[in-house]
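Features as listed in Swiss-Prot:
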type: BINDING; residues: Gly228, Pro229, Phe230, Gly231, Ser232, Gly233, Lys234, Thr235; note: ATP binding site
Amino acid sequence: MEVKGEIYRVSGPVVTVTGLQAKMYDLVKVGDEGLMGEVIQILGPKTIIQVYEETAGIKPGEPCYSTGSSLSVELGPGLLSSIYDGVQRPLHVLLERTGGFIGRGVTADGLDHKKLWEFKPVAKKGDSVKGGDVIGVVQETVNIEHKIMVPPDISGTISDIKSGNFTVVDTICTLTDGTELQMMQKWPVRRPRPVRTKLTPTRPLVTGMRILDGLFPVAKGGTAAIPGPFGSGKTVTQQSLAKWSDTEIVVYIGCGERGNEMADVLSEFPELEDPQTGRPLMERTVLIANTSNMPVAAREASVYTGITIAEYFRDMGLDVSLMADSTSRWAEAMREISSRLEEMPGEEGYPAYLSARLAEFYERAGVAESLCGETGSITVIGAVSPPGGDFSEPVTQNTLRIVKVFWALDAKLSQRRHFPAINWLNSYSLYKDSLNDWFADNVAPDYVPLRERAMEMLQTESELQEIVQLVGSDALPDDQQLLLEITRMLREIFLQQNAFHPVDAYSPFAQQYRILKAIMKWGDAAMEALKSGVPVPEILKLESKNVLAKVKYEEKFDESMNAVLTQMDKEFASLRGR
């Protein structure tokens with residue numbers, strides 16, 4: 001007979017129940033409507049539950065049932081191109097059942113249990129298999145071959161394996177001990193999926209954004225944070241990363257952000273082409289939409305749901321990038337739940353375990369050798385929304401302690417319409433040194449020295465700007481006036497990028513290198529001309545400088561760049577010939 005509890009108290013999304021036999025993090029059905037909730041605290045006879053749906057109308061005395069299992073996600077063919085809410089309910093299914101607004105107590109399977117997939121076995125009868133071993137494949141999209149793996153906690157010898165078209169819940173393989181395997185497996189979201197070993201990240205995540213790839217690269221399997229005030233471009237940067245990063249799978253979590261931003265993603269991604277494969281971007285994307293008007297408790301679930309789906313694809317040997325926009329909203333949800341539980345508040349009202357929860361999430365990133373011997377990676381990029389752009393607040397500070405790349409968005413840059421508004425003086429990447437060999441081998445041997453020179457120049461420019469604001473640029477020596485012009489070119493030509501331009505939105509490494517080298521070449525030639533006696537105003541009149549600024553928008557980039565370099569050589573030769 002099913003044991004049921006009784007609601008004792010309701011406080012927003014937190015419900016206290018008596019008489020319920022449940023374990024920590026068990027999934028429960030709350031009230032007459034059967035709202036989905038999760039056990040977060042057990043105090044003697046009382047069980048405290050956070051409810052993932054609106055609790056209006058629930059009253060003391062209503063029943064509460066434990067499912068006996070923790071919050072889990074369904075993993076298998078059909079994940080790609082899906083759009084879920086925070087607890088892996090497909091939004092298109094909820095739309096059919098309840099209309100434009102999500103009804104309460106509605107349950108839906110994470111994967112389509114009726115759709116047929118063609119299963120091709122790679123294991124055979126008599127094979128000994130263990131957790132993580134691949135027993136077959138399904139061609140899920142044109143480019144992604146979905147590997148069907150044995151769940152991590154199962155092992156045995158195959159007594160029967162089938163081939164053909166099956167649903168995700170059909171038995172496709174039977175072990176000698178009677179265990180039946182399906183294409184789908186369930187996994188608790190709070191439990192990291194096991195791996196054989198973790199590895200050191202050695203390859204960069206190519207984002208197509210010059211300031212990120214060039215100055216502050218993140219490694220595949222790395223962690224990065226994008227903190228910034230409102231309107232500084234966090235979401236556009238995150239969306240650009242989701243569109244153009246060179247990973248095979250993208251998991252995008254809209255955690256507590258505006259509904260319109262998720263609507264933008266939903267309308268844009270199906271129409272955009274993946275630059276690596278030429279296929280629609282949606283084919284490699286899983287979207288988790290948990291907007292600001294959805295119940296706060298589900299924000300935590302959405303983050304864990306997203307990282308668990310990412311781990312599943314990593315186990316197949318794929319490179320995954322996960323965008324969480326924004327982790328601050330998740331932290332605010334934790335603060336609200338914590339205050340409802342009447343826990344002792346920490347700094348600025350956040351719970352004392354804030355840093356532990358953030359670390360728990362970011363540490364699930366990394367490069368790993370999976371149980372089946374494949375090497376995959378998860379790169380986690382979390383947006384942080386500090387109120388008023390104050391980077392000293394707890395969420396930003398705790399995130400900074402964990403992540404190795406910090407892309408600091410600056411309100412002043414965004415007000416000057418400099419996008420991406422990443423402040424090159426405040427940002428840093430701790431992966432730079434470990435990726436230098438990759439850049440030297442795959443881009444150009446002189447790429448790293450060029451980058452270091454550019455950073456030194458930008459640093460010097462910031463020091464000179466203080467003098468310029470006091471006495472004006474005319475008071476500076478000629479070489480420093482010229483340096484200011486070179487750094488202006490670096491800022492406007494190399495660092496600035498238009499995320500909505502058909503050509504400039506994505507800049508390949510070869511293109512980035514040529515633009516940077518051309519600016520440095522112009523700067524070196526200008527300094528040489530200055531030493532030979534040419535006045536600064538004459539150098540600044542050269543047309544090649546203006547033409548170079550337009551090259552990044554040209555579809556025939558190499559032709560245009562070659563023409564500019566030829567023009568540059570001619571102009572400087574004529575200057576020296578005077």
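Cβ from N, Cα, C; glycine included.
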According to DSSP, collapsed to three classes, what secondary structure does Gly233 (ATP binding site) have?
coil
Mind giving me a neighbour count for Gly231 (ATP binding site)? Other Cβ atoms within 10 Å of its Cβ, every protein chain shown.
13
Listed in sequence order, residues with CB under 8 A of Gly228 (ATP binding site) and six or more positions away
Lys234, Ala383, Val384, Ser385, Pro386, Gly389, Ala408, Leu409, Asp410, Ala411, Ala421
Mapped DSSP class for Gly228 (ATP binding site), helix or strand or coil
coil
Same chain, not part of Gly228, Pro229, Phe230, Gly231, Ser232, Gly233, Lys234, Thr235: whose C-beta falls within 8 angstroms of the C-beta centre of the ATP site? Give them in sequence order.
Ser385, Leu409, Ala411, Ser414, Ala421
For Ser232 (ATP binding site), the same-chain residues 6+ apart in sequence with C-beta under 8 angstroms from its C-beta are Gly389, Leu409, Asp410, Ala411, Leu413, Ser414, Ala421
In sequence order, which same-chain residues at least six apart have a C-beta under 8 angstroms from Phe230 (ATP binding site)?
Ser385, Gly389
